[in-house]
Amino acid sequence: MDPNAQLVNVLQAATVLLLAPLIAGVAARAKAWTESRRGPSILQPYRDLRKLLHKETLRPVGSSRMFVAPLIVAFGIYLVIAIILPIITAYPLPYGSAADFLGGGLLFGLAGTLALLAALDSGSNYAALGASRTVSFAAFAEPTLIVVFFAVAVITGTNNPYVTTDLLAGSAAAYLAPTHLLATAAFLLLLLAETGKLPVESAGLMELGMIEEGRAFEHSGRPLALFHWNGWMKQFLLYAVFLNVFLVPWGFVPGPTPLAAVANIGVLLAKEFGLVGGLVVLEATLAKVRLFKIQDFLALSFSLAVLSVFVFVVLGGP
């Protein structure tokens, strides 16, 4: 294998691992500004991780290895996703052929399922409540992600994310095709729900309104650090896929060299900062909805994804 491409693979995984908390910190700071608050430092997630990694881990009575092991496996899965999807390069990397778009979607679903197992093993009613609500919403979210990836695949004729990025970046007709625009809209709605940007999913709400945070009620110390880190990496990866494949497939410095990859890290951060700012403003303008209206929101996202495929079939092309 090309040693340069291998090094870019390592840089890509390190980018997701190390910069995911930064994006979470920027999002928290930007949200505070929209609420006329000073807000925490953008480095606060790193401080939280350091604090949790040095704290004692307490386990509920009756819990098993499933209380922590699924979080470790999910952490590894997100790193695997980081080396098979186009994050900081559009050049096909050595492990890019290990899984296509559909494989990446299934890996996202597997990591989410493992987090549910860790929550349920705690025996906490609050954790079980958060897990059950997550499952009910995932019934719409995960099929939507698969259909969105399928819609992009039918446009480009391939499930390879690197080929898809290259084709969309070089063809205005494919980028502006109704199928692609509908799939992009569906992914945006899914992104709002999956990353907790709907007002009802704020961790500052009362306990009965919690979804994501509810699953970690019984976790502490290093397992809680893993739980948060997994969530931040998932958010970073979804943002990167949405930007690099769907919304802004341009801007990459070409070539599989480490220097090009380092330059592309800056390009990716600029894209993600812009997306975070847009999502924070959008979140601030959305009226708070009842908890179970999230399913209606996800149903709309799924309908748009299916419609994008239907449009492709009816028009006989993108």
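Any Cβ shown, glycine's included, is placed from N, Cα and C.
Nobody curates TrEMBL annotations by hand; they come from automatic prediction.
The annotation transmembrane segment is assigned in TrEMBL to 6-28, 67-89, 101-123, 135-155, 167-192, 236-253, 259-282, 294-315.
Counting C-beta pairs under 8 angstroms (sequence separation of 6 or more), the transmembrane segment (167-192) reaches the transmembrane segment (294-315) with 3 or more such pairs.
At the 8 Å Cβ cutoff, the transmembrane segment (259-282) and the transmembrane segment (67-89) share at least 3 close pairs (sequence separation 6 or more) and count as touching.
Sequence-distant contacts of the transmembrane segment (67-89) (same chain, at least 6 residues past either end, Cβ-Cβ under 8 Å): 8-9, 11-13, 15-17, 57, 59-60, 95-96, 98-99, 103-104, 107-108, 110-112, 114-115, 117-118, 121-122, 161-162, 165, 218-219, 223, 226-227, 229-230, 233-234, 237, 240-241, 244-245, 252, 256, 260-261, 264-265, 267-268.
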